[in-house]
């Protein structure tokens, strides 16, 4: 009888420890900022991401890089993704979300924050990201005029050793039109958590505005953590 009672006590203690650990992990995850980095090609968001990583030590995740890395790994999933892309098809949002979720899960224990670069590209992707992974704390939209982006893309293409058939003004403007339509829907839905930044200024001036926004997010996180203690 005493042995069975002891077992019940041990089991209850183990369950309480497990619940405490789950609560600790949930609070830790909630304390890690997630920031969406939005902007058209040539807007300079890559430069700003590098500066954010240098200052804050955040983890920079690009959906494109994750796809390429998975293909390069030679895994079963990588071979499946390669087959889809080689056929000219689009990788499903479920696959992209799965890669993002895996990357966030792997880095969550040591990361100070996450920059999700170039995602979401469509409104439904943002909705699914927040439902399946976590709510974004902030969306930074680096706004650039179409003419400026065209000039930057074409200059970058001219300097590249690899030439692409679609690096012409007509095709670029068509891509930018699609981007603008999709982005407008995202900005409308997530307006309360979005900061639109004029990306046609000096890099350091842009970064000052970025820093103010991120510092505000971090301050709120700290206040929430203190309130839970």
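For all residues, glycine too, the Cβ spot is worked out from N, Cα and C.
Note that the structure is predicted; figures quoted are calculated from it, not measured.
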Record-annotated ATP site (Swiss-Prot): member among 132, 156, 173 besides 42, 43, 44, 45, 46, 47: 156
Chain-mates of 42, 43, 44, 45, 46, 47, 156 with C-beta within 8 Å of site centroid, ATP: 39, 41, 48, 142, 152, 199
Site with most surrounding Cβ atoms, counting all protein chains shown within 10 Å, from the binding-site residues 45, 156, 175: 45
Local Cβ density at residue 118 (AMP binding site) - other Cβ atoms counted within 10 Å: 19
Secondary-structure category, per DSSP, in which residue 62 (phosphoserine) falls: strand
Candidate recorded positions 62, 63, 118, 125, pick with smallest Cα gap to residue 43 (ATP binding site): 118
42, 44, 120 as binding-site residues, winner by CB count within 10 A: 120
